[in-house]
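Student: Straight out of TrEMBL:
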type	residues	note
ACT_SITE	H95	active site, electrophile
ACT_SITE	E167	active site, proton acceptor
BINDING	N9, W10, K11, G173, S212	substrate binding site
Amino acid sequence: MKKILILTNWKLNGTKKKIKKLIKKYKNIIDKIKNIKIIIAPPLIYLDYTKKKINKINIKLAAQNIDLHLSGAYTGETSIMMLKDIGIKYVIIGHSERRIYHNEKNNIVEKKFNLVNNNGLIPILCIGENYAEYQNNQTKKICIKQIKFILKKTKTKLLKKLIIAYEPIWAIGTNKSPEPREIQKISKYIKSYIYKKHKELYNKTIIQYGGSVNINNFHEIIKQPDVDGALIGNASLNGKNFISMIKQIR
Ligand code: 13P
């Protein structure tokens with residue numbers, strides 16, 4: 001049975017009270033289903049708080065972003081050193097909301113990805129096409145271009161795992177998503193590209209799908225053979241629904 005990697009991206013949502021409640025719900029599921037691994041990405045300000053709350057629960061944490069600098073006069077930023085200091089293992093890199101609202105182009109994404117990897121943490125790379133590109137059958141081309149750009153400077157031997165989240169921009173927060181068989185096709189294509197170009201990453205590559213994952217489509221998506229998990233935004237914020245969704249794995 002394959003292991004399913006669930007990453008919940010809480011984006012700019014939550015309060016201490018809400019986080020406490022959500023963790024309680026998440027705990028129920030993690031004890032009951034053996035073949036899942038859950039990583040939570042809370043807002044940066046709540047990382048340390050969430051870490052205390054998940055004490056002894058088998059849940060890991062991811063940061064939603066980092067700065068390129070390690071320290072210095074960069075008001076408002078958080079560095080990889082600080083994440084290391086509080087024991088965080090994963091960082092989401094290249095999310096389309098950062099690419100769009102913070103103008104993070106591929107060159108910034110590449111630098112952040114490699115900064116995370118070179119410092120011994122695990123980057124989770126988000127890639128995906130916009131709607132016009134999807135309609136014009138450009139998905140494969142766009143995804144490979146994004147991956148290629150990142151991996152050309154990556155010390156792949158340092159990668160404990162290559163985690164890629166395929167998140168079509170048009171599917172994020174829209175209640176629209178590609179058909180599960182389309183997600184399978186692109187996941188398979190990405191894996192075969194990586195295995196061809198980077199043999200050292202064979203069996204070390206995890207492809208997640210993200211973009212309007214919900215209780216109705218979750219099961220069908222994660223049962224696709226080359227889909228190893230899901231990156232879930234909105235549907236991870238309602239504890240009850242999240243649990244019902246994850247229970248479908250059994
Ligand atoms: P939604 O699940 O809300 O569409 O968000 C997906 C996402 O962006 C996860 O990173």
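Heads up, the Cβ atoms here are built off N, Cα and C, so glycines get one too.
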Student: Sorted by position, what residues of the same chain at least six away from the residue listed as 'active site, proton acceptor' have a C-beta under 8 A from it?
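Tutor: Correct list: H95, S96, C126, I127, G128, Y209, G210, G211, L231.
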Student: Mind running the binding-site residues N9, W10, G173 against ligand 1 and keeping the ones whose CB falls under 6 Å of it?
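Tutor: With ligand 1 as the reference and 6 Å as the Cβ limit, the list reads N9, G173.
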Student: Within 8 Å of the Cβ centroid of the substrate site residues N9, W10, K11, G173, S212, which other residues of the same chain have their Cβ?
Tutor: N13, I172, I232, G233, N234, S236, L237
Student: Within 10 Å of the Cβ of G173 (substrate binding site), how many other Cβ atoms can be counted across all chains shown?
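Tutor: Taking every protein chain into account, the count is 12.
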Student: Quick one, of the recorded positions K11, H95, which Cβ has the fewest other Cβ within 10 Å?
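Tutor: Each of the recorded positions K11, H95 was scored by Cβ atoms within 10 Å; lowest is K11.
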Student: Relative to the Cβ position of W10 (substrate binding site), how many further Cβ atoms are located within 10 Å?
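Tutor: So the Cβ neighbour count for W10 (substrate binding site) comes to 21.
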Student: Quick check: in three-state DSSP terms, what is N9 (substrate binding site)?
Tutor: strand
Student: So how many other Cβ atoms are close to N9 (substrate binding site), meaning within 10 Å of its Cβ?
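Tutor: A count of 26.
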Student: Hey, what's the widest CA-to-CA gap across N9, W10, K11, G173, S212, the substrate contacts in the record, in Å?
Tutor: 14
